[in-house]
């Protein structure tokens with residue numbers, strides 16, 4: 001027994017550096033060949049080159065598919081495909097599952113149908129269903145045909161559930177026993193397995209019709225006298241189970257709240273049809289929060305950072321277009337007051353401050369309300385209370401910050417009335433922002449929309465146009 | 001055996017509605033008493049009132065501490081404290097751990113020292129360490145004194161690691177065995193436990209000096225012939241372990257990548273000192289992404305949505321102040337060109353469009369780069385490649401959107417030169433946004449700062465002032 005090797009948490013960065021170093025060395029030789037300073041024959045026979053290639057291949061062989069996925073995402077396209085060709089084919093399927101959609105398509109483009117088929121055949125039914133939308137249909141057909149009847153049905157079942165549901169995330173591997181056997185029998189039964197399904201922390205107890213009767217945790221199995229019957233120690237109360245139509249978000253919340261490792265998925269007749277595991281939930285939580293952060297910044301999907309320019313433009317154009325429309329509307333509002341600005345040009349310099357503070361405060365309010373809705377903390381009865389509170393915050397901010405800026409405007413332009421209009425406009429725009437910040441997400445929720453999506457654009461549009469209108473309007477009324 | 005009860009994923013919402021309904025009924029009676037329409041004596045003896053109170057108490061008794069925590073967060077302060085008083089005291093500790101910091105302080109304010117002490121004493125060492133910063137020091141002293149020597153040391157150890165490290169998240173419960181015993185002995189040993197530590201999916205194999213020799217998964221324990229020795233089947237290669245000083249983020253990434261349920265924490269001498277579990281990692285991932293979304297919107301921390309106005313103002317003022325300063329700077333830039341705006345007032349209406357598109361595009365770029373850095377995908381060697389790509393995107397967006405807006409400006413103001421200046425200014429501001437979007441996070445990373453923090457404010461400040469300067473400057477040069 002030799003000293004055990006420990007994998008540390010930050011190893012991926014190290015692996016990436018190692019791979020990049022080896023790639024650089026290989027490229028150096030390539031460059032020499034390219035410049036005709038070394039005949040091609042020499043390259044192939046070049047010992048250093050072969051050594052480096054061997055080292056790179058061994059390095060890749062040692063790595064976990066998730067680490068290779070991470071490295072592939074971090075490499076520019078040419079290096080990425082070079083490394084992809086070197087990866088052992090038995091890892092192809094797992095790696096394709098791990099990489100982002102954008103990078104997956106670059107890898108699939110490189111593979112011939114036979115390779116794709118081989119990779120797909122190493123996957124479980126639920127994994128295959130995840131990959132299916134990205135595979136060429138005729139290959140998917142072949143792979144499906146190669147599966148047995150039960151697996152084919154599982155793949156079809158998994159693909160039939162829409163994205164964002166429990167059904168789309170569940171797997172089909174599980175261990176089930178009857179309640180009238182002893183734990184000793186269960187222990188003997190388990191010894192006949194070569195491996196247990198990933199993340200097995202409980203065994204499902206089912207009756208003859210495959211209906212869920214209870215769950216037997218591995219903990220109970222291990223700490224209880226083996227002569228005991230399953231039915232006597234299985235858990236039957238408050239078993240957390242899911243329906244395949246449940247929202248994946250709700251399931252992820254339940255996994256987080258109740259610290260679950262796995263949970264049964266049952267149909268309307270209480271038959272066990274699949275299983276959710278914490279690994280899928282962790283991925284889901286991460287993907288959801290990534291998607292939220294990306295969409296807040298106007299990116300439709302995760303981008304391959306080395307994607308061609310045109311693909312990035314496509315990912316980002318919609319958000320820019322929407323924002324341009326709202327900016328154009330704001331510009332028309334300003335244009336209404338052309339005459340006022342001509343008479344008092346200071347208005348042009350001050351108006352972005354009024355619009356800006358409204359946008360910032362509105363985004364604070366809306367972010368807080370959206371989060372509270374997502375966590376199920378906002379009941380319709382709470383609307384007035386929330387609105388009162390946010391209006392209170394707006395008044396304080398308006399008086400304090402509006403006051404400060406008002407005094408500055410007064411001093412800079414030697415015009416006390418201008419300062420007062422500034423303070424009043426900032427306060428009014430903050431009140432508008434607070435009202436919209438509470439109502440926009442709640443109204444969107446009432447109409448069954450995602451309260452988060454596009455809320456930021458809407459409130460910024462409102463506080464920009466509204467801010468310009470309020471400020472220039474007040475100025476026109478009181479100053480000119 | 002009766003039909004097993006199933007807890008569904010969306011139950012928290014239902015629980016919250018139930019609790020609110022009961023609270024409303026209780027409040028109705030209260031209101032009657034308050035209005036003197038019912039003597040106080042009658043209230044106490046009122047059967048409906050007592051029934052409702054009993055129902056509410058039973059409802060709360062059935063709920064998981066995490067569900068109660070969620071309900072408490074969703075209730076306004078008076079209802080929250082009313083419910084908190086009804087909750088069985090043996091759940092107090094777990095509930096305090098689950099609620100947000102803001103809500104926790106409202107609950108602790110309500111408890112007398114004896115209750116806090118009782119709640120604290122139900123917790124494990126690592127949980128106590130989490131709660132410690134919020135507890136009154138003299139109570140913490142008492143609780144510590146009531147623990148045995150080993151637990152005291154564990155609490156102190158857990159508190160000694162800074163937030164965001166593995167040490168601050170690890171727990172101390174674990175099962176360890178020696179490698180020279182058979183699995184049969186391990187099975188017999190486990191049967192002496194009343195319960196295994198939460199999330200035990202593997203047993204740590206240690207030598208006499210408590211150094212980690214390997215891990216024995218429960219899976220291996222269950223599927224292998226019990227006559228086998230631990231040393232023969234334990235995993236010794238590529239065991240994923242952490243040091244207490246590792247960053248929690250890196251550990252969470254490793255849990256996600258390698259689908260871990262638990263992992264040993266070892267010191268520099270390879271002695272096992274604690275354990276990380278996926279439950280803590282899920283909480284960490286969720287908290288981190290929440291914190292990022294909140295800080296992107298300028299909220300310093302999670303807010304109790306029913307917090308008093310003044311506490312919300314404190315949570316939000318810093319961001320507003322910073323944004324006001326940058327808006328003020330932009331306003332001064334505009335002021336430089338007062339003369340130009342006076343001559344051509346259309347400039348005032350068009351300038352926010354130039355600033356706006358720069359801010360939006362810059363935020364897209366910076367969000368993408370920050371995410372790539374966080375995932376370890378950006379090597380210093382990639383800077384030029386990324387910059388070239390983002391500049392390419394900026395040129396395309398500038399020509400397309402700048403062109404569209406330029407034509408609109410030309411038509412609206414019947415001024416072709418103004419349209420051309422508009423297009424040129426938008427393109428230049430987009431190039432500025434792309435450059436800053438790539439460089440700001442990379443430079444912050446180089447200097448050891450968090451690339452995400454405040455990046456959005458910085459780029460918006462730059463594209464606002466820059467956009468006004470570029471547009472008004474070009475206009476002054478070419479139009480006047």
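Each position is counted from 1, following the chain as shown.
Note: Cβ is positioned from N, Cα and C throughout, glycine not excepted.
Curation plays no part in TrEMBL annotations; they are all automatic predictions.
What TrEMBL records for A:170-233 (among others) is domain 'CBS'. Per-class residue totals from DSSP over the domain 'CBS' (A:170-233), listed helix then strand then coil: 18 helix, 17 strand, 29 coil.
Marked as domain 'CBS' by TrEMBL: A:234-292 (among others).
Residues or ranges marked as transmembrane segment by TrEMBL: A:317-337 (among others).
The feature transmembrane segment is assigned by TrEMBL to A:344-362 (among others).
Under the heading transmembrane segment, TrEMBL lists A:394-413 (among others).
Taken from TrEMBL, the feature transmembrane segment covers A:419-443 (among others).
What TrEMBL lists as transmembrane segment is A:455-479 (among others).
For the transmembrane segment (A:419-443), the partner stretch with the most Cβ pairs below 8 Å, chosen from A:317-337, A:344-362, A:394-413, is A:394-413. Residues of the same chain lying 6 or more positions beyond the ends of the transmembrane segment (A:394-413) and with a Cβ under 8 Å from any Cβ of it are 346, 350, 353, 357, 361, 419-420, 422-428, 430-431, 433-434. Break the domain 'CBS' (A:234-292) down by DSSP state and the numbers are 26 helix, 17 strand, 16 coil. Summarised as a single figure, the pLDDT of the domain 'CBS' (A:170-233) averages 95.
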